[in-house]
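As recorded in Swiss-Prot, the features of this protein are as follows:
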SITE      R11  site 'Important for substrate specificity'
ACT_SITE  D64  active site, proton acceptor
SITE      T65  site 'Important for substrate specificity'
SITE      Q147  site 'Important for substrate specificity'
Amino acid sequence: MDIILATSSPRRINLLKMLNIKFKTVAPRIKENINETDPEKLVKKLSKLKALSIKEKGIIISADTIVYHNNKVLGKPKNLDNAFNMLKELSSKWHTVYTGVTIIEKDDIITFCEKTMVKFKKLSDELIRYYISTSKPLDKAGAYGIQELGAILVEKIEGDYYNVVGLPISRIWDILWDRRII
């Protein structure tokens, strides 16, 4: 049975390629405006909606990632000013990256959430402006990509690095392996 990654994210595609399994991608079509304040429930709901939006037959894997700080979700910034403010808010502080993952195999739906703590170093306005001008913060939750230049913003990480990138591949591998999918 085909494995389908429900995403248009190049980062998630590259991460799943690391597992050396054959898969194809289909972009999910959902509206991401869900009224949910609990970050874990939010990412699990969104990943499930993404998976269920795929009409092709196969084993479907989907994910949704958010940055959570001070009891609020920091999704993808709306513009560069919003990106600047997000990064300024995260300066010298810990935040949590949540990724909800859903795997559908026939009628079986597995949904879980992975959490990783990230601490940013003290970020000057000049460094934030430099980062924003040389990277693409608008397509990333929290306005940064840890796997790219965003690594210069990070002081510490506790948990799964790949979760911060957007796909907790070790846990996904374990589920696929245990179910004899791979």
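The backbone N, Cα and C atoms fix where each Cβ goes, glycine too.
This view paints the features noted in Swiss-Prot onto the structure.
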residue	record	DSSP (3 states)
R11	site 'Important for substrate specificity'	helix
D64	active site, proton acceptor	strand
Q147	site 'Important for substrate specificity'	coil
Proximal residue to R11 (site 'Important for substrate specificity') among recorded positions D64, T65, Q147 (C-alpha distance): Q147
Per-residue Cβ crowding (10 Å cut-off), top of recorded sites T65, Q147: T65
Neighbour-count leader, CB within 10 A, recorded positions: R11, D64: D64
Distance from Q147 (site 'Important for substrate specificity') back to T65 (site 'Important for substrate specificity'), taken between C-alpha atoms, in Å: 14
Inter-residue Cα distance where the pair is Q147 (site 'Important for substrate specificity') and the residue listed as 'active site, proton acceptor', in Å: 17
